[in-house]
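Read through the structure below, which is laid out as structure tokens, and then see the notes.
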Amino acid sequence: MPTYTIPKVKDSLEVRATTIFNDKEMSFKEIRQKCLEKKVLFRDTQFPASAKSLFPRRKPHVNFDWKRPKEIVKDPRFIADGATRTDIQQGELGDCWLLAAIASLTLNTKLLQKVVPPGQEFDDKYAGIFVFQFWKEGTWVEVVVDDFLPTFNGRLVFVHSTDRTEFWSALLEKAYAKLAGSYESLKGGSTSEAMEDFSGGLVETYKTQKAPPNFQSIIQNAVRKEAMLACCIDVRKRQCVEEATEQGLITGHAYSVTGMEEVKVKGQTVTLMRMRNPWGRIEWKGAWSDKSDEWKNVSNAEMKRLDQVDKNDGEFWMSFEDFKTEFSRVEICNIGPEGMDDDDEGYWALTEHESRWVPGSTAGGCRNFARTFWTNPQFHLILSKEDEDPDDKTPGCSFIIALYQMKTRRRARHRNKTIGFSIYELPEKIQSYKGQLPKAFFARHRSSKRSSFINMREICQRFKLKPGHYVIIPSTYKPSIEGRFLLRVFTEKGNPSSDMIEEIGADIPEDPTIPIKKLEEEEDEKFKKTFLQLAGEGQYISATKLRFILNKIAEKDESVKCSFSTFTCRSMVGG
């Protein structure tokens, strides 16, 4: 490998780098080439080597020295002997959630090379600049950084490799900090969001104590499809954050799931989970831990296959049953086609659509607001092929819906809105209808499925429904709230009809011959008929009979959350 000496220059090249929103002023390759031509090293003025990039809201307790890798070690490497899950160790920043996501990322070579582009080294093309890619709001964005890293007493302060000469993980953390605004912004983040930013995948969250019967099958399929997995033990009392349990697990701490295997023990099959603690130390002490007696019943060949070693490196095995009992929450980031090899079978197929909620037009709020709910954007979903999972006895089509709220560009500060979605089945007679479903449709039909409404960046949930046509209604909880969103649906690859999702045109004139137009008229006629039957020719009705009519209507309209009392009806009829 050719050597390259840092040019002795007075000043580094300060140019405006490619920004996190795909600013095309100068790309990574253009900046690097300009630096090489001028024989200077890149200095990132957008994310400077100063306290501003570290802790903008508070002053650190110590003074950090920003150094380039060649000032830290003699022969730095970007990646030494491949990027693996055991490379990374957590530093002084509380970002175990990020390390859990990075460890999962290293298990998918294709995805890793997208986030951490190859061909970057401290060789003859070294110019003090490195590039990374992250998924943001539906597209991949390029983030460039210089290689100044915060140190104390000559050592890296934050994420670092077990090999002191390797710097890919430290620079990846710096690029992600730039994306977030500062290193401080990485303290106490979300593993699910990091996994999504590294993959563009859809993240499901399961509470282990409320997991579905086929939970083990779901995880096995996720591992087979190279999904990214993380888990944690929820903390009930604040004083218990990051405390070790009797069995050696850390509460309120993110772990990555790095494998799932089956072993034969005395004629029985045991499912094992391979876990990693981002600290690189402190491991599980229970059954199937490094020193447990269970390994005495496993052959050397099996142990070699499982890469089982007795080493305090933060990685350990445990049974699936213990995994489900000990951990509170599991997050599965399902990877789409971008993260899979072309010859892989059975991975997810992705369809997506970007739209917006506009006050006074398409911001109708949730189902509680029956008068405006129907004005929300509507999306037609077709499910045609049932699952072929032998472990899941429930027939139907599995799919995952994710509703991602995007930042409003004209607002500098963004607060997550409370969002969610509902799914309605379309009756056969109106499946070909292309117009906006009117208010009367939702008055007559209950939702087949619906999500929770939460003020998170993304709401994601797995469902199973019978084959058919459906309408997805994404909305904010309250009406008249402006917002942009990305709706994504994962369905099983190989479906002959290519499961689809498309937005229903709200501006398409309604055809009076379409059956849907008759819904409101039918409702009116039924009400009039019932009224005349009870009221008679004089059209006089008692409070008791009016109560009967109104409560019958309320039973059919899920937007009505109450029943009518005789007292209320008496006040209506005046007696």
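Backbone N, Cα and C atoms are what each Cβ position is placed from, and that goes for glycine too.
What TrEMBL says about a protein is an automatic prediction, not a curated fact.
Now, the feature entries from TrEMBL:
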| type | residues | note |
| --- | --- | --- |
| DOMAIN | 41-336 | domain 'Calpain catalytic' |
| ACT_SITE | Cys96 | active site |
| ACT_SITE | His253 | active site |
| ACT_SITE | Asn277 | active site |
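Separation of the C-alpha atoms of Asn277 (active site) and Cys96 (active site): 8 Å, rounded to the nearest whole number. For His253 (active site), the same-chain residues lying six or more positions away in sequence with a CB closer than 8 A to its CB are Cys96, Cys232, Ile233, Glu242, Asn277. For the domain 'Calpain catalytic' (41-336), the model's pLDDT averages out at 91.
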